[in-house]
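Lifted from TrEMBL, the feature list:
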type	residues	note
BINDING	B:CYS9, B:CYS12, B:CYS21, B:CYS24	Zn(2+) binding site
DOMAIN	B:6-63	domain 'Spt4/RpoE2 zinc finger'
Amino acid sequence: MIFAVRTTTGQEQNVAEALASRAERENLEVFSILATEDLKGYILVEATNKGAIEELVRQNFKVKGIVPGESSVKELEHLLTPTKIIESIDKGDVVELVGGPFKGEKARVTRVDKNKEEITLELMEAAVAIPITVGIEQVKIIAKDAP
Amino acid sequence: MARKGLKACTKCNYITHDDFCPICQHETSENIRGLLIILDPVNSEVAKIAQKDIKGKYALSVK
């Protein structure tokens, strides 16, 4: 069963690590802990019962409480198997280059090649728009194109 | 973003400080997102879905 634990925002990964080491130290029946960036202020803990979670978070000052109710593993499937970035990127999106000679520059996507996993960009700050083609691993999406 | 110095294997997502993954020897990357801690890979259903059978820390996505 999956339980959601409310934490201080921004401290999700630290709390997850602290709880993991406590679970190991005290041999609690906790199977896994998930801290995803999509879910700010919460971490997801897999355990046999709520008692194990209550014991786990006891006296941890960064934990704000346990969300009542439980969730099933099926509901987390989309978090555990993230879609490839190429599937979520579209023409018109604004991206930041994270590698290569233009690292740190912002650019607008002009073409997406799904088979080669390459995208063609135009740098936003360049005086003349020169198309450059880079691999999908060299960019991160900053803003989606408004429909 | 993950904390500085942490890297994850580009193949199996295992989090390490090294340049090569201690499990599968693939290259690691600093561009990682999310954290999944598997404490009990045998009983964990999350571990089965994520296809992790070794106890440890994993990133949710690595670029």
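Cβ atoms here come from the backbone N, Cα and C positions, even for glycine.
It is B:CYS9 that, of the binding-site residues B:CYS9, B:CYS12, B:CYS21, B:CYS24, has its Cβ surrounded by the most other Cβ atoms within 10 Å.
Same-chain residues with CB within 8 A of the center of the B:CYS9, B:CYS12, B:CYS21, B:CYS24 CB atoms, the Zn(2+) site residues themselves not counted, are B:THR10, B:LYS11, B:ASN13, B:TYR14, B:PRO22, B:ILE23, B:GLN25, B:HIS26, B:THR28.
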